[in-house]
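Peer 1: Sending over a structure as structure tokens; questions will come in a sec.
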Amino acid sequence: GLQTSQDARFYALSTRFDSFSNKDKTLVIQFSVKHEQNIDCGGGYVKLFPAELDQSEMHGESEYNIMFGPDICGPPTKKVHVIFQYKKKNLQINKDIRCRDDSFTHLYTLIVRPDNTYEVKIDNSKVESGSLEEDWDFLPPKKIKDPEAKKPDDWDERPKIDDPEDKKPEDWDKPEHIPDPDAVKPEDWDEEMDGEWEPPVIQNPDYKGEWKPRQIDNPDYKGKWIHPEIDNPEYTPDSTLYQYDSFGVLGLD
């Protein structure tokens, strides 16, 4: 086990092991994390590096294969990172997996299978699973909107329209406020000193608000236009998303 000795410090540690590839094999990364304080910012994740990593030069930007584990940074960020390096890019999972933020020991497990599926467990209970291709942006989408397709100019997406037969009543327009008919100029009102007296205004009981014609079903309504899709010419399937040629170092930074 490892325990840090001082608060609010950066730490880096790595260990080398016999290099291997996970080609055609199920890879399991598993370790336990215990935050002994109710921290508001701190990472508890590990990184798996290729064997060629120079451990003496390991830092936060060193190229890794997989980064996995909990990360806490204030109330908004309490997540489990699952990041894969693919073609020199670090790809974060598109789902939000919440980590444990108490002061107890928790077991984190990542399982990556040769059929390009994965599973994340916390304390041996599955919290997320699925397809690598669907839950990360390894590949461009299979389908894209047809760039040649355009919504017809006469396509009407309005389910309701104003009734052309509906007319505003002639007595509709009334002011919103009117002078208070019950108001009386105070006996001590001095127009030379106080100016011309005007009665206070009140809400007009006959005010009907802004007139709007009633709505009717639109006879030309065609529904919401859906942009047609075509196969993405830039999409090429990859059955080896899960695979790394070399694992040789486990590190924390």
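Please read every residue number as a count from 1 along the shown chain.
Backbone N, Cα and C atoms are what each Cβ position is placed from, and that goes for glycine too.
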Peer 1: Consult TrEMBL and report which candidate among CYS73, CYS99 shares a disulfide bond with CYS41.
Peer 2: CYS73
Peer 1: When you measure from the Cβ of CYS73 (disulfide bond), which residues in the chain that are at least 6 apart have a Cβ under 8 Å away?
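Peer 2: Residues satisfying the criterion: ASP40, CYS41, GLY42.
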Peer 1: Counting by DSSP, what is the helix, strand and coil composition of the compositional bias 'Basic and acidic residues' (143-187)?
Peer 2: 0 helix, 10 strand, 35 coil
Peer 1: For CYS41 (disulfide bond), just count the other CB atoms lying within 10 A of its CB, please.
Peer 2: 10
